[in-house]
Each structure stands twice: as structure tokens, then as C-alpha cells.
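The structure under discussion appears below in the form of C-alpha cells.
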Amino acid sequence: MRRMNMDNGYLLLVRQLICNYLLGSFIAVVGVGGSLIFSTLHMTTSEIQAIAEILIWSLVLTVIADTIVFRRHMRPIRVALVTPCPSPEQFERAYKQTLRLPVLAVARVMGPHWLSFTVPGLVWSMYDIHQGILALPITYVGLAALGTLLVASMHAVTEFFLTSRSTSSTLVALRRRCRSLYGKDVALSGEVIVPLRSKFAMSAVVFGTLPMLLFGLANGIRLLDATSSSAPYWSWATSVLVLGSSFSALGGWLLAADVRRPISQLEHLMRRVREGDLKVRAEDTYMDEFSNLIQGFNHMVQGLAERDMLNQQLIDSYFATLAAALDARDPYTAGHSIRVATYAEAIGRQVGLAADVITQLRQSALLHDIGKIGIRDEVLLKDGKLTDEEFAVIQQHPVIGESIVRQIQPDTAMKPLLPGIRSHHERYDGKGYPDGLSGSDIPLFGRILAVADAYDAMTSDRPYRAGMAPERAIAILLDGRGTQWDPVFVDAFVATREQSTTAFADANLQMTRQVAASTKA
């Protein structure tokens, strides 16, 4: 299937380049050159037939020459896209060749294309003039050579821009295939093939000056033609000027589109970066200074992604340290917050929460008991059952925790964590604390953390009792679904336990070791 896709990609590129060639030829040769020839010269029917015969055979020779050169230009690209396993060097050669295709198109048009069209046509025309088949001055042959050079230049630059638009997908395909086969990218590393300054200068000359030169040449021939006085000169001049102006407008559009393409790509990607997507990368498919700009953008986004990852690691470490410091007050609850965070993450993944939401859920779980910092040791660490007054003090820790975390800046980063900290002791039937919320009025994080917190509390040892077996804790959760806990998250937690009991056990052991190591440190 991949081989077929590569073949199709190569054939698609070839078809696009052939269409570009035909379109450029039609615009420059037929549209501009042909219109000027037959509207400027006044010839008999036999002379028109002779000129048409010369043009047809010249075009045949041109197509043959173009085909030979085109196949040679495309050979490295075909090797990289069609052969089963090209070497890295072949990928690099094909990539550079693809980038150079617009320049090679100019060289092909101004070289074999123009010479194979002009030389045989001029020789044949001189022969027909010598034989009396064409009643034209011999000086017209030199003027015709100059005219074909101007038309070929217009054709070459038109095909330059059309080819540049057609190679982007091939460049992307080459880079992706090289990465898939060898795990490394292929790029120019800052090399500029056609500077923007040269591109603008070339466009200004070809699209701005050459149509006027061609008009001047045609005007000179028309004035030399003795029979031209019978034709409406100004009507002819207006049509030629409109034709030249249309070509100039087309050139301006091609140049603007060529410059606009990378700018539009960067604008789109920068919007995604502003929205927080740091995985975006711009495809470098350009031969000018925009290539350096694209690489600079990718390096910038890569740096932002690395810094964001480092910041996230620092934040996670900060939360884990706070949780470990809190748990260290009570040796019987060591690792509690980290285990609750692990269970909450598993529930979040089971119900399909987004990755960024799961990250916030984990952070909220790590800090869910931070309010116990404000509880006196004689209450928090008391052996045995609490009195009603002491239990009322304990019930304040969600509110105290919310107040503590609310002070952390920036507040926009902490705000999503607050509902889980405040509401993890709410009951689904409304009999929990501190606000007595029920059902879906309890925040999402509160409902998830209630399940995770309850399970760990039941399975952990206490001074006054040993932790119960996981199976017994699961049975209690199932018995309390819809009354004490949200049934959706109870079912999700039970499903995760059934799927990865071993993984949970390993996580518990690892977290306990981490807490023990940090306590010793």
C-alpha cells in the first residue's frame, strides 16, 4: 500500500509539472507570441500555412528535447519515491533536486526548449524566404529570434512559479518517507537556492518590462510592414497592450501567491501556538529565505515545548513535595495523596477525560488534603475515635485547603484545582461536607476524588484498625454507588481495577518507596 502511494505521489507530481508546462506554453507561446505574430504581420493564406507548418514542426522538436531533459531532471526524485528502500544520500539528492525543479524549469525553457524551437524555425524560415515561399524581409528573421527569446523568458518565469507551487507535497512526502525509513530528517540547513531579492528582480523584469519590449518589437515590425497602413493601428495597439497588461497582472498574482503561501502557513500555526498547541511544526518546502524563517519558527516552538515540559515537571514535583510533606505528619497516611492521584488519573482515563483535564485532576488530588496543615496535631494525629467537636474541626480541612491553594499565583492556573480540594468529601446524596451538595451539583473533580480518596482510606492502615482487603473496599464502593458516590465513577474505578490490578499494586509499591526515600532525605 505504501509503495502504491509513493508511485501515485510521483505520478501526480509528473502530471502537475506537465500541466504547468502546457499552461505556461499556452499563455506565453500561443496567447502572447502567437497573437502578436498573426495580428502584426499581414500574410497571404499560403504564407500563413507555411508559418504554421514551421511552428508545428518546431513544436514537435521542442517537445522531444523537453521530454529528454525533463526525464533526466526527474530521475533522482523517481528513485527516492518509487524504489523500495532508497539510501539517505538518494533522499538528500532527491530533496535538493525537488527544491531546484523551479530553477531547472527555467533552465529547460531557456535552453533546450528555446533552442530546439528557435534554431530549426529560423533556418526553415530563411529557406522559405530564399525560395520565395515567404515574402518577408530577411531582417524579420532576426527580429523573430529576439521575439522568441522574450516569449521564452515569459514562459520560463511563469513555469518557475507554477512549479514552485507544485513541489510542496513532494518535499513533504520525501521528508516523511526518509524519517519513517531512517529516523532522520532531510533538509537544506539554511541553504538558499533562489534569494527573494533575485525572485523579485526577475519578476519585475519579466512581468513588467518584457511585455512592453515585446510590444515595441511588434510595433516596429508593423510600422515596417508597407501594408499595415490599411489596418486600424490603434485597435491593434490597444489589443496588444491589453494582452501585455494581462500577462503582467498574472505575473503579479503568481509572485504575490508565492510570497503569501509561507506567510499564511506561519499565521495559521502561530494561532495554534497561541491556543497552547506546542506540537505544531511547519513544513519547510521553500527555496528562499522563508526556509530559514520556517526553521527558526520550528526551533522556537521546540524550545517553548521543552520549556513547557520542564515547567510542568517542576509543577508536578512541587505538588508532589507538598503532598509528601503533608503525609509525613502522619506515618499512617504516608503516600496517601500520591495514591489518590494515581487512582483519580485512572478514573479520568477510563471515562475519557482530555489529557489536560487529567493533569489538572492529578494536581487537585495531590493537594486535596493540604488543608490538614491547618488542623492541630492533637486532632489530626489522635489515636481512636474523634469526638463530635474534633470531627467538626476535621471537616474544615477542605475549606482551609481551598483557601491555601487560592493564594498560589497565578490564580488562573490554580482555579481549576479548587473544586476538587473543596468538594472531595461531598456525598452524592447530599449528606457530605462542607457544602452539602448532591448529584451533579458536586463538581466533577470532587466526585472523582471522593471515590479515589475513599478507596485509599479503606485500604490503608490506621492506628485503630488495619486496612481492609481491596475486594472488601470495592464491595463497599459498589454498595454506596448512587448514595455516597457517583455511580459513573464507581463503575469506572471498578473497571480500572479489573483491568490493571497488577499495575495498581506496582504503583502503590513505587509510590511508597518514593515517599520513604523522600522522608529519609
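Even glycines carry a Cβ here, placed using N, Cα and C.
TrEMBL entries are annotated by machine, without manual review.
The feature transmembrane segment is assigned by TrEMBL to 21-42 (among others).
Per TrEMBL, the feature transmembrane segment maps to 48-70 (among others).
Positions annotated as transmembrane segment by TrEMBL: 103-127 (among others). Away from its own ends, the transmembrane segment (103-127) comes close to residues 17, 20-21, 24, 54-55, 57-59, 61-62, 64-66, 68-70, 73, 97, 134, 136, 138, 141, 144-145, 148-149, 152-153, 155-157, 159-160, 163, 193-194, 287 of its chain (Cβ-Cβ under 8 Å, at least six residues beyond either end).
TrEMBL lists 133-157 (among others) with the feature transmembrane segment.
Per TrEMBL, the feature transmembrane segment maps to 200-221 (among others).
Look at TrEMBL and you will find 233-256 (among others) tagged as transmembrane segment.
Positions annotated as domain 'HAMP' by TrEMBL: 257-309.
TrEMBL lists 311-509 with the feature domain 'HD-GYP'.
If you look up TrEMBL, you'll see 333-458 marked as domain 'HD'.
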Under an 8 Å Cβ to Cβ limit, what residues of the same chain, 6 or more beyond the ends of the transmembrane segment (48-70), are close to it? 17, 21, 34, 37-38, 108, 111-113, 115-118, 120-121, 124-125, 128, 133-134
Looking only at the domain 'HD-GYP' (311-509), what is the mean pLDDT? 86
Is it possible to list how many residues within the domain 'HAMP' (257-309) are helical, extended or coil according to DSSP? 38 helix, 0 strand, 15 coil
